[in-house]
Amino acid sequence: MQTMEIAFLSTILLFPLFDLVLEKYKCRNKCTEYVKTSFMLWAVTGFLFFCFLNGVLKIEPPQYLPSTTWKGYLALFMFAVFIAYMKYVLYSINKDKSVRLQVLNAFEDGGESFVEILPSSRKEFLFFTLLVSFSAGVCEELIFRWYLFSFIEQHTGGLVAVIGSSIIFGFWHIYLGWKHVIKTAVVGVLLCGIYLYFESIVVAILAHIFMDVYSGSVAFIARKAQGAELTSA
């Protein structure tokens, strides 16, 4: 293993600690915080590509599209169903007060740090959707599902690689609390399964982006509808 790869692995492993320190110096403006978060993700991903293009990483390039046509159609169907489900959920939140309160209470149970990262205004929602969700989807899938999974698999095996890369993925979200470390690790296993089944980093990236957009959309619509209700009361 070359020195540069050791440096990159150290970056991945120490990133959660660095993130915890930065939590104490959060920007007051949420959009600025979104930009900072995205910049950090792209910085690590840039380091990843620098190492890969210089032949430091002994892994194969990611496969972009599904290996078979029918898997491509299955992925399209999966995303279509997810979009339809998301539209139904957002409609229910907007129209049904009980559903809206359940959603808001669920977010509150997620902890203060979790509530703070979710968008409240239209501007924050646009930044969260177009910048944070996209950056997290692209960068984290390349880091964890492409590189880290491949690296661990080379030295151990497939199952250990799935679990190991997902646990580290979970620790990248430790600033949200231990509950979210576990939840995110489970999501990591799911995304790893999607990556391996469809044999496509693009499908995994899109799945990740859709998950983040869903969370941001639910939070924004719930808060917006609740605010409108309080204003009209």
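Even glycines carry a Cβ here, placed using N, Cα and C.
Here is what TrEMBL says about this protein:
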- 124-213: domain 'CAAX prenyl protease 2/Lysostaphin resistance protein A-like' (DOMAIN)
- 6-22: transmembrane segment (TRANSMEM)
- 34-57: transmembrane segment (TRANSMEM)
- 72-90: transmembrane segment (TRANSMEM)
- 125-147: transmembrane segment (TRANSMEM)
- 159-178: transmembrane segment (TRANSMEM)
- 185-210: transmembrane segment (TRANSMEM)
Tally of residues which DSSP labels helix, strand or coil - the domain 'CAAX prenyl protease 2/Lysostaphin resistance protein A-like' (124-213): 83 helix, 0 strand, 7 coil
Outside the transmembrane segment (34-57), six or more residues from its ends: residues with CB under 8 Å to it: 2, 4-5, 8, 11-12, 15, 19, 22, 27, 124, 127-128, 131-132, 135-136, 138-140, 142-143, 147, 151
For the domain 'CAAX prenyl protease 2/Lysostaphin resistance protein A-like' (124-213), mean pLDDT (0 to 100): 96
